[in-house]
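Before any comments, here is the structure.
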Amino acid sequence: MDCEKMGKLPVPRTDSVRVAVRVRPFSQREKNSGSQCVISMHARSITIRDPKDAELVKTFTFDLAYWSHDGFQKDEDGVLIPSDPTSKFAGQSDVFHDIGRGILDSAWQGYNATLLAYGQTGSGKSYSMIGYGANKGIIPRVCEELFQAIEKQKESLEAQVMFSMLEIYNEQIRDLLSRTKAPGGLRVREDQRLGFFVEGLKWVPCEDSVQIEKLVEQGSKIRMTASTNMNASSSRSHMLIAIRFKQVFLDTALTKQSSINMVDLAGSERQRSSGSEGDRLREGSRVNLSLTNLGNVISALADLAMGKKVLHIPYRDSVLTKLLQSALGGNSRTTLIAALSPADICYEETLSTLRYAERAKKVRNRAVINTCPLVRASRAENALLLGFGGAGAAEHSACFWAEQQLGTWGTWAQLLEQARREWEQQYMALAQEQQMVKILPHLLNVNEDPQLTGVLKFFIHNGSCEVGRAASNAICLQSLGISDKHASFTNMDGKVTVAPHITGKVIVNGVPVSSRTKLQHLDRIILGSNSAFLYIGFPSERGAEDLGRFDYDFFQMERAAAEGVSVDMLGTASPGDDQADPSILAVFQDYIKLMPLVVEANQMSEELKKGLKMELKVKNLASSDSRGCDLQKEVMVKVTKQGTHEVWIWSKAKFINRKFLMEELYQRFLESRDSHVAQEDDPFWDPVEVLHLGSAHVWLQSLAHRMMLEEQVEFLNCEGLEEAVLHIQITPCSPEGWAHGEEDTVIDPLELLGKRIDFQIHIVQCLGVKWLKEDATRGIQLGYKVYDLPNTLYTKPVWQSVNPRVEESVHFAALGVSREFLNYLLTNALVVDLWGLQEGCAHLGVSQPDVLFTGEGYIMVDTKTFSSVKDITSNQVPELYQKLLKLEQETELLRDINRALRGENVYLKAALENAGSAPQGERRYHKPDNPEGATVTAAGEAKQMCAQRASSDSQLARALKVFYGGMSVARGQLLRLRQCRPPEDDQMLRPFVHQQSQMLKDLEDLLESSLQKLKSDVAFIVKKKKEYLLPRGR
């Protein structure tokens, strides 16, 4: 205080950004999906586990950590509190005690204070900042305690509190306390001493916390209306609430000024670009760029704090970073609260948030106390400035920044009086609305942001109530997909009905309706593309329902269920496990999230006359790899150009990026009716590309027995539906290219170890290609990859034929067959991919610089050097090891029997030939009574014996083939058992032991069943053979 009285500049205080993390409970959608918690917390440390790999664990430590996931209950007032004394649950009061009080302390001392809420959409940012119902968040609690403290000190100081609320969307600033919107948004100006500020932003003087609470409600309503009209989700905008707090100490002629900024940042998943690398318009949206630039600023400041050389801090790259310049690396005490989802399906986003917070805590600020000892001189100068209408105020002392914002409004008392008059008018409107809520049925808006749900109420008066885009309608909606005359609600005889007009899209409880439909209390209604409302019936129909369960997710899940979309459609739990696969759940969540976005994109395409139809698909929904295992599923969007039939496939990330750009173009169209854009900048256009249509699986077991294979196999698309039929031949051959015959068939594939194998893959034809039926100008190519080839081989393009003949052969050679290659042939399929060509697209073709060729010019396979697997001691899985040894001995015995039977077959063949050429009297067969039939009988028996011999050989070959296939699987399981190591985490030992026990049991069952099956088959074959070896009639 002495230095302040002497007029000296206060000494800056260096502080690091304080970082807190908070883990929310499961959402209803996550509960319904059976999500698992992947986060644990100990003191201030957060540990996150990869749901796909339990051994991959990462730990982070922060200044503050709050566990709000479980261990809570509601008290009689609806406040969430710990369920028992041992619970580690942190409620709203705990968060405020550490963070909110810190903000207040800084403000009273004269420091600027900033609070940033960061996290993915739905992670609980708004709940921590504002809260819901009785569980008030940081912002209302800060305001309440600020005015309570002012009241206690009103005798010794004069306190002035001013409030503003703004939104940043697409690099435009909207004043949420002003009902008029400036064209292009408010502008950010820069002053040499003041830094960046928003020109023309409305500041409202406040004298109690109730007034601020109502201003927040007013701002939320304007924000909701604006986002509806602009088709802009609030999750993609930043909301900034600012409080200017000025203390005038009456006894010391001293002032302290503090700026409190509380920012609810846009959903952090929006900045991620992974998966959109192939998009030529990558990061084209300014919505994406603002959070990306914020990350760049934080990274640069973190590097600076660590002593690295940083040439430039990119504050000027976005509106958001300009306004947060003082909060990050400047004159402010800053806290960042990172909101986390604990669900396994949100693992990637949660890990990204933790890493972001880890960088932020390295940023260092230099906060100073904002004081001015010359308050009287300041007021005199301010009066002089007001005489000039406030012109040139920005060029004067920084001590007058608050007065500069006031402009010509007059004294503080006059400002308060003006605010009271405005408040009284708003209060009368709010009171009238609250009275109507009690007596009239109405529609309650439901938004993706829970903070904006219930902000809009549309009352359905007696008679007919029209809904549409036109201003003459009783309910005017400017949102996407709303017609001028969209639908009508009728309130008559105690019943409310809804009837869509000809072009109006109306969905009730997930189902589209086309005729007048009676509404029941709590019915869910979607108008147009995605304007969601909850119908609140007459007072007599209402009860003590929990309206919170009808959230945005509920609407979308209901809509998906009506369209037949469910987790079961994507695949259920793993065998022996009741829990659904986390990757399947994540795909399902992505599908639900993208559903409304695709509907909106189609509507924009229609209104902008772009002629695109977008459909949500699941990549690899019914696809498998060469071993028959399911491929990783992901959501994609199929885009079709109506008229030209051009088709594109967009990844999830690419579609989201394009959707941002579509919104920008659509907004420009709404404002100026101009949607013209250069083709290369058009988010609705892409160059044509090659598309993957489907895959066919050709199993290679026959090659391991040197048997020819000729098949017609279906090409199945990602949904498991037939796209075409493949005619293919796989022929084992000699090094000269001659096909092997039956005499070259190998019963035991192990005989091929270390030997050379040659084979040819001949793709003959594709039949009934739907891609070509739809448009005769299209073409196809086929691609496949054999074992360890470094690249895929493609056939030549074939155009304009529904049944295109390919007729391409490739000769392959394995010079020394390895056990791994043999196992590949026994257990894998050749996956042939069908690719669709469009007019103007480039053909598929890959150079083969790494492919090895034999001296004859054939492609070499099985060229890898395999590392041997370490042997294990006999005491590791000893029982199975002994069984495997015994099984190998019995297998060798069966091979001996097989060799003896083959020798006997040769002898019988020779004896049969001798019997056919010997005189009739010398034949071993009994002479029949009919001499003429003797020759016929002998010949018939000879044919029968030959047929039986061939049948026995083929049956034995099949039996051994099945047995060796089972043994290959058993060897693979044994290798996996040998390679398994117990986890270091004690908590994972029980699942590990359970998994190992199950694997041992499966292997034991496989060995036992394979052996019994082989014994049974061989016994049956030997019995049948002996029956035909015995002389007939003896």
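Yeah, the Cβs are placed from backbone N, Cα and C, and that goes for glycine too.
The coiled coil annotation in Swiss-Prot falls on one of the ranges 245-274, 515-544, 875-904, namely 875-904.
Apart from the site residues GLY119, GLN120, THR121, GLY122, SER123, GLY124, LYS125, SER126, the chain places the Cβ of ARG24, GLY267, ALA339, SER341 no farther than 8 Å from the centroid of the site's Cβ atoms, the recorded ATP location.
Broken down with DSSP, the domain 'FHA' (465-528) shows 0 helix, 30 strand, 34 coil. Most buried of the binding-site residues GLN120, THR121, SER123, SER126, judged by other Cβ atoms within 10 Å, is SER123. Annotation note: SER126 (ATP binding site) sits in a helical segment as assigned by DSSP. Comparing Cβ neighbour counts within 10 Å across the binding-site residues GLY119, GLY122, GLY124, the minimum falls on GLY124. Within the model, the coiled coil (994-1027) carries an average pLDDT of 74. All protein chains shown were included, and the count of other CB atoms within 10 Å of the CB of LYS125 (ATP binding site) stands at 30.
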